[in-house]
């Protein structure tokens with residue numbers, strides 16, 4: 001990664017941010033917050049007050065939402081009439097928490113309520129006409145309330161209306177041009193409404209309805225609101241920030257038994273809960289059950305006050321999450337193997353029978369992270385031949401528009417710029433790959449520029465303290481539109497670089513300068529070990545955190561990206577070359593042995609022999625395959641190429657330096673042996689001669705070649721004989737002898753010098 005995965009954008013400090021300093025100072029908050037807050041749109045004293053000192057007053061009146069009164073009256077009417085009410089939810093963490101919130105609210109006011117979370121594979125997302133029909137008939141449903149879905153459920157809602165069942169929709173997703181004919185539609189961005197904050201999650205909207213039904217703010221439900229809001233990646237600003245702040249405090253109190261049990265299963269202590277606990281601990285577990293099957297156990301767990309039931313459900317959910325992780329790992333490995341074994345694409349279309357459709361969005365994200373290219377990952381149903389899956393994209397490519405350019409190939413697709421879902425006949429996959437490549441090609445995107453990584457500020461190691469990091473937590477909860485600050489630390493020395501984790505997927509190291517040392521953790525960057533371990537300097541971007549171990553606290557950086565300046569030399573000496581690790585179109589292999597070069601050229605064109613003309617191409621990566629006789633020619637070629645990265649293998653067939661130059665005594669032994677033999681079969685008897693003379697086979701071959709070069713022996717048809725009365729010559733006269741002397745010096749330097757010494761030799 002000498003070249004970073006991201007394109008770093010360092011935010012320039014707006015001098016206007018200094019206007020925030022008086023308020024910050026008067027509230028004992030550090031001045032360094034001013035530019036960070038300004039960049040996040042917090043630019044007035046009123047906004048600062050709301051950001052740092054939230055009050056319940058900042059949670060808006062639910063009746064400001066369009067149709068809220070109508071929705072409440074219909075639910076109250078259903079409760080009064082003893083009607084059977086169905087909450088129709090969704091299978092992700094937002095849907096599970098939304099369902100739980102409204103279920104508890106309706107039960108609290110005496111309603112008869114059941115829940116249904118659609119099956120991702122049977123029902124799909126949102127209202128399903130056949131499912132509505134079945135539930136109405138089987139359960140005798142008389143009123144349906146949707147949570148986290150519904151605004152696109154025209155057909156199902158029309159069916160419900162036709163059989164006399166009213167539908168109250170609560171949703172937060174994009175509003176279609178035409179809304180369904182529901183009894184009421186509660187949505188923060190309703191075109192006829194004027195609600196002050198439009199970015200609520202599904203659980204936020206459900207909470208608004210619950211508040212209106214209960215005629216008070218149900219603080220005990222804010223833990224669920226925090227989970228769904230963080231999990232759904234909606235902006236953590238405005239009302240969402242307040243809801244999550246209060247929700248995290250409720251979670252710390254541990255009042256909800258099912259949630260406490262789930263936290264224990266995730267190894268999270270209630271007092272340590274943050275938004276990260278939700279994002280990396282709770283949400284993935286709740287999402288996992290809906291990805292692999294029925295999400296209903298999530299609602300049962302979060303509603304449960306039976307310890308035995310809660311323990312069983314938490315363990316079940318934990319097991320499903322582990323299964324999800326295993327499936328993701330397996331499919332990701334298969335998908336990456338497909339990429340490595342085929343030509344590079346501008347956008348990857350990867351499909352296979354047996355891939356679990358429920359996790360393919362996660363896999364697609366991993367492919368994008370690994371390759372810097374958009375990816376569609378699909379599972380093929382062997383019975384129907386339909387490929388169904390998910391796609392993820394990069395900033396420069398609108399995935400929905402890309403799919404729309406090939407709309408005729410799909411049976412269905414939908415989504416937005418960064419993510420999409422789709423299904424199509426598997427026979428259309430090749431056509432889709434061609435069309436998507438064409439779409440991306442027309443955009444003329446420079447893939448060498450990765451996605452943007454915003455950097456808030458540059459900082460020195462000496463300025464990073466425990467107190468400062470604790471202060472930064474006052475800006476939390478972090479998330480969409482309020483990201484944790486990214487700091488840049490430039491030109492520091494990486495030391496003690498280690499790969500960690502069961503699969504060595506992560507890196508642990510320190511960066512050092514005159515200001516001291518700083519611990520660093522880099523998740524999912526384990527493959528960059530060789531580059532970082534051999535680098536003299538590095539610049540890193542990451543988030544500051546506190547590493548606590550055995551009661552001791554140390555500052556550390558959670559690395560998002562790093563960049564190694566200048567030419568990179570990656571030390572691969574002694575390792576076997578794996579061609580699949582060097583399959584870039586901009587990689588050139590340099591050979592010194594002609595036979596090796598000719599053999600390689602039968603398979604690929606990306607090869608050059610030292611001394612030959614360099615083939616045309618924008619060569620950024622160079623692989624030094626074998627060790628040359630002289631290093632000067634190699635250096636000259638490398639200076640012409642001006643690569644960014646050099647993989648130093650430099651294998652040595654003869655190992656001249658290691659074996660050394662044969663002594664005069666050894667040459668004498670061989671000469672005597674040849675003088676006393678006739679027709680020595682060097683093809684088949686070489687091992688026996690080597691053993692007899694106690695000279696290594698490769699050294700013996702060299703000695704015979706020297707004698708042949710000097711005219712002391714002849715070799716015809718593999719049979720060696722002495723030359724009668726040869727001209728007396730010194731061993732040093734042999735060109736092969738002279739060449740070995742050079743080879744030994746070259747190998748001594750190229751194979752046994754430190755990688756930093758090789759870098760100095762190339763650059764100076």
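Quick reminder: no glycine exception, Cβ is built from N, Cα and C everywhere.
TrEMBL annotations:
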DOMAIN    84-229  domain 'DDH'
DOMAIN    349-442  domain 'DHHA1'
DOMAIN    455-561  domain 'RecJ OB'
DOMAIN    568-762  domain 'Single-stranded-DNA-specific exonuclease RecJ C-terminal'
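In the domain 'RecJ OB' (455-561), helix, strand and coil residues by DSSP number 21 helix, 56 strand, 30 coil. Counting residues of the domain 'DDH' (84-229) by DSSP class, helix then strand then coil, yields 60 helix, 24 strand, 62 coil. Broken down with DSSP, the domain 'DHHA1' (349-442) shows 41 helix, 29 strand, 24 coil. Across the domain 'Single-stranded-DNA-specific exonuclease RecJ C-terminal' (568-762), mean pLDDT in this model comes to 90.
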